[in-house]
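These notes concern the structure reproduced below.
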Amino acid sequence: MTAPAQPGSDRSAETSTTPRSRRARTPRDPKARTPRDPKTKAPRDPKTKAPRDPKTNAVRRPLSARRTVVDLVAVALLMGAGIVGWWPSFAGGSFLPAAIGGVVLGLGIALICAWRGWGILATAGLTLLVYYVFGGALALPQTTLFGVVPTGQTLGALSAGAITSWKAMLTTVAPVAVADGYALVPFLAALVFGVVAAALALRLRRAAWALIPAAAHLMLVIAMGVPAPAAPIAQGVAFALVAVAWLALRGTGEQSDAAVSVAADGTHSTALRRRRILAGAAVLVVAGLAGTGVATATTLAEPRHVFRDVVLPPFDVHQYASPLQSYRGYVKDHRKDTLFTVKGLPEGARIRVGTMDSFNGVVYDVSDKGVGSSGAFSPIRDNMSADATGSSATLDITMDAYKGVWLPDAGQVSRIAFAGSDADALRRGTYYNESTGTAVATSRLRKGDTYTVDTTIPRTWTDKQLEGLDFGAVAMPKSAEAPEKLAALASDTVADAKTPIAQVRALVKKFSEEGFFSHGLEGEALSRAGHTEERISTLIGGQQMVGDDEQYAVAMALAARSLGIPLRVVMGFYPDKGQKGTFSANGDNLHAWVEVNFEKAGWVAFDPTPPKDKVPQDQITKPKVVPKPQVLQPPPPPQDPVELPPSVPDQRGNQDGPSDLLGILGAVLAIGGSVLLVLAILASPFIVIGAWKAARRRKRRAAALAADRISGGWDELTDRAVDYGARLPVGATRAEEAQTVATSLTVPAVTALADHADAQVFGPSEPTAEDVDAFWREVDGIVAGLGKEASWRRRLLARLSLRSLLGGTRLSTGVQGLRDAAAERIRRPQSGSGASAAAPGTIENTAGRQSGTRAARPGSESENS
């Protein structure tokens, strides 16, 4: 069958009988075309088929492999300069597989999308798909099957982590662990910024635009990191050198690609190249020096501020009970039980549990007066207490019966390293106060926990060395006033003291020599626990002062504070004199003492408690001052040190209406967000395929030549027909394609449209813009008719079909061959049983109408006509 000849075309018969490829149309002779319409673009080059520049008419050559490799390598190096900044946050290179994998995947996505000409929507859809497919293996391997295959837990963690991992990274004490899912942050950052930077580098003529996302990635890593930088000099120099070298290479490549015809002798060209090389080297040297200078200046400046300093919530130690409240409980219940052991404790050193400097009339506790106070805690890190002086020591501490949040240590700690199964949780939840030497573990210590303390033990001062030193000028928090009798006793005691150390020694002597010791346990003199104002009044108002470390330390603290002496109370453990080796802490060697601040000497420890063997003469002491019965006494403090108040109240939430409402709202938002993420995952194939087809349509619609836009319209029609099930023979003409579409999909108008397309493409003149628009309107009308005649199921399958996208590939050809072979095997028994068989050289009307193809036979197409 031949197509009718078009008027005015002397090549119509030849055109209609010559097989043409749907993907590669035969170009017209440029000389036969009329001048271009001013609205259309410049023609293609007749030899290379490359488009010409509309302004210069120069040929635009396709992106070379050399430039692609240079761009991808440069982007990878720029991203690598930022990735190094995660090193301190993870305390090593455990994050590198996730970060490097993210960069590699990002470069691959950008390369594929640039090669295929996909737009933003398709690139975003492919990035989302890659994130869910590879995110588990690279960032969350603990949630995958065999460390590679994503599971339901992996998809859920990736969905939630894309939103919550950033805040979790900032609100967790560094260094963080990959096993806790924090590698998702460097993976996601490298993936997203890698895609953007590589896409800009491959698609845009000016490579400088790609430096913006690369620099943004570097700044994000710095802001999300820790105050101590990784390698600022190396990062700055590497980024500057790579950026300058890349821009220079891109500029050289563009100049070499330009078509320039210049008559110049070889000597001049050689000199010109030499000057360019020297100038490029000079620029690299200047960039390296500048990067080094900037990085060095940044390193020597004040500590940098990062997001973590703002987002990390302040630690409130007041949610825990004062350690002094548990003093009598430890003495009573663990008098001989080993609470914990310490190896490496120097002679004369003391184990500190808590330091308190504020009294409210009921309990001696830590204060909350900001930096420098006993309540100012910060997350542990390396190089704490950098200004400490004394002898260095390393302590190995192992928990036994001790349980609680107050972490035993000694001296001025520089580093705490945990071991055991709870090491990560303890590290992230431990805070330290450099001014008091006290540490708190919010996850609570328990039996079996071990940790190593690198510390500096301060020197021991004698009274002779303290002579002539004034009290230190330190700010002390405001406390409740001491009882009147205690303040009067303190004034009388220091009346004859001439120096600060003499005043302190007079107070220590008053309590240690005139008082008596008793824990108030079975077989001992009456001595109530606690250190309230009433209990201290009872201590000094009786016929004899009877108490233990808890009462005497607080009594001396109140007496000294009434005189303006800077003093604080400390609870801890220390061995008896002469004891060496491993120290076992128990209730019997638990103590409370006071520390007084002296100028140049710092905090010096004093023990106001009488010796343990100094017991009262009368086993039943009668207090001289009886509390008034109408005074409401506070309840006794808790005795059991094990049951400390929880860090977060659990029961109050059941009675708090607003909290319930917020909890319900949060649950609804979480569920709704998860559902939306799942729907987005399910819809990602629709998005990618639809974007792919939309990009293909835009490319055809915006072709440089009007004739190509006409051909693109016909290709769009046949591709949509293929998606709806039509099987077009390879190498067919438009007329033959139209016959197949008309018979298989019942669309008669296609035949006339094919004739129209041949007339426009192979006519003597170039189609006008109006002709192109009219042709595409006809195409859109026929395509819309295909959808109206089909069921919703067929329309959905057509939208998801990849047949037109993969048409002509080796895979699609192989699959089509298998289907044809299967159909032939089915037809053979029918022909052998007497069914009517198609004669050689004819078109099968039954199977051909259903499949849209012709029966295979030998011979040429001209024979059939």
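Cβ coordinates come from backbone N, Cα and C, glycine included.
Features reported for this protein in TrEMBL:
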- 1-61: region 'Disordered' (REGION)
- 26-55: compositional bias 'Basic and acidic residues' (COMPBIAS)
- 69-88: transmembrane segment (TRANSMEM)
- 94-113: transmembrane segment (TRANSMEM)
- 120-140: transmembrane segment (TRANSMEM)
- 182-202: transmembrane segment (TRANSMEM)
- 209-226: transmembrane segment (TRANSMEM)
- 232-249: transmembrane segment (TRANSMEM)
- 277-301: transmembrane segment (TRANSMEM)
- 541-610: domain 'Transglutaminase-like' (DOMAIN)
- 624-657: region 'Disordered' (REGION)
- 632-648: compositional bias 'Pro residues' (COMPBIAS)
- 661-692: transmembrane segment (TRANSMEM)
- 825-865: region 'Disordered' (REGION)
- 831-841: compositional bias 'Low complexity' (COMPBIAS)
- 843-853: compositional bias 'Polar residues' (COMPBIAS)
Model confidence over the domain 'Transglutaminase-like' (541-610) (mean pLDDT, whole number): 93
With pairs fewer than 6 apart in sequence excluded, do the transmembrane segment (182-202) and the transmembrane segment (69-88) have three or more C-beta pairs that lie under 8 Å? yes
Secondary structure content, the domain 'Transglutaminase-like' (541-610) (per DSSP, counts of residues): 18 helix, 27 strand, 25 coil
If one takes Cβ-Cβ under 8 Å and requires six or more residues beyond its ends, the residues near the transmembrane segment (209-226) are 71, 75, 78-79, 81-83, 85-86, 88-89, 166, 169-170, 174-175, 185-186, 189-190, 193, 196-198, 200-201, 235, 239, 243, 304, 306-308, 381
What else in the chain is close to the transmembrane segment (120-140), if you only count residues 6 or more beyond its ends and a Cβ gap under 8 Å? 97-98, 101-102, 105-106, 109-110, 112-113, 147-151, 154-155, 157-158, 161-162, 181, 183-184, 187-188, 191-192, 195, 199, 680-681, 684, 687-688, 691-692, 694-695
